[in-house]
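Single-structure report; data block below.
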Amino acid sequence: MIVGLTGGIASGKTLCCNWFAAQGCYIIDADLIAKELVTVGGVVWLQLRAHFGETIFYADGNLNRALLREKMFHNQEIKEKVNQIFHPAVRAEIEKRIHLYPHAFTLLDVPLLFETQLHKICHMVIVVDIPVSLQIARGVCRDGVNSAQMQRIIASQISREKRLSLANFIIDNSNSIAQTYQQCQQIYQQILSLNAA
């Protein structure tokens, strides 16, 4: 069973993902894969270097993620090129891990699950949701960005309404951690029951 887990920035995906990991689910983390692929000499690192030269790299060869992110927000052409490089490489690695490590319950932790069409390889999708105002407040505290930057990031993602309409299950993470975990437990049991049927 392959289950996608997604949600807007600062919605609490990691909190929920950690709960599922504690239950023994096999977690495939798209952000972690992306970081691995941009390590010096990695497949995406090589492609970024070939396309952008040294302009987005530190002197030691590491990718300057903050600079690249800023360029992507201000230039649609750069954003599209970076996505053309990243998304196929991340998808290929996710598919490789699914096939190499078959598991009764594999959770794909993918922030841009719908934008990258990875929901199509999932049997079910869980969306972690919070109101946009709370998303902005949490993101400002967590990421050290200002409110305008958070609004820009949110606007660059699929709309909350669209994300919710594509979900099989929704976790409301706007209350206590205990309440979020309770929802995780209920959804986990429902998915296991469906898988057993």
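Backbone N, Cα and C define each Cβ position, glycine as well.
Since the structure is predicted, the reported quantities are computational estimates derived from the model, not experimental observations.
The following features are taken from Swiss-Prot:
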{"type": "BINDING", "residues": "Ala10, Ser11, Gly12, Lys13, Thr14, Leu15", "note": "ATP binding site"}
{"type": "DOMAIN", "residues": "2-197", "note": "domain 'DPCK'"}
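Positions of Swiss-Prot features highlighted on the structure.
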{"residue": "Ala10", "record": "ATP binding site", "Cβ contacts under 8 Å, 6 or more apart": "Ile130, Gln135, Ile136, Arg138, Gly139, Arg142, Asp143, Met150"}
{"residue": "Ser11", "record": "ATP binding site", "Cβ contacts under 8 Å, 6 or more apart": "Val128, Asp129, Ile130, Gln135, Asn173"}
{"residue": "Gly12", "record": "ATP binding site", "Cβ contacts under 8 Å, 6 or more apart": "Val128, Ile130, Arg138, Ile171, Asn173, Thr180"}
{"residue": "Lys13", "record": "ATP binding site", "Cβ contacts under 8 Å, 6 or more apart": "Leu5, Thr6, Gly7, Asp109, Pro111, Val128"}
{"residue": "Thr14", "record": "ATP binding site", "Cβ contacts under 8 Å, 6 or more apart": "Asp109"}
{"residue": "Leu15", "record": "ATP binding site", "Cβ contacts under 8 Å, 6 or more apart": "Val128, Asn173, Ile177, Thr180"}
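What surrounds the ATP site, by Cβ distance within 8 Å of the Cβ centroid and not counting Ala10, Ser11, Gly12, Lys13, Thr14, Leu15, is the set Gly7, Cys16, Val128, Asn173 from the same chain. In the three-state DSSP reading, Lys13 (ATP binding site) counts as helix.
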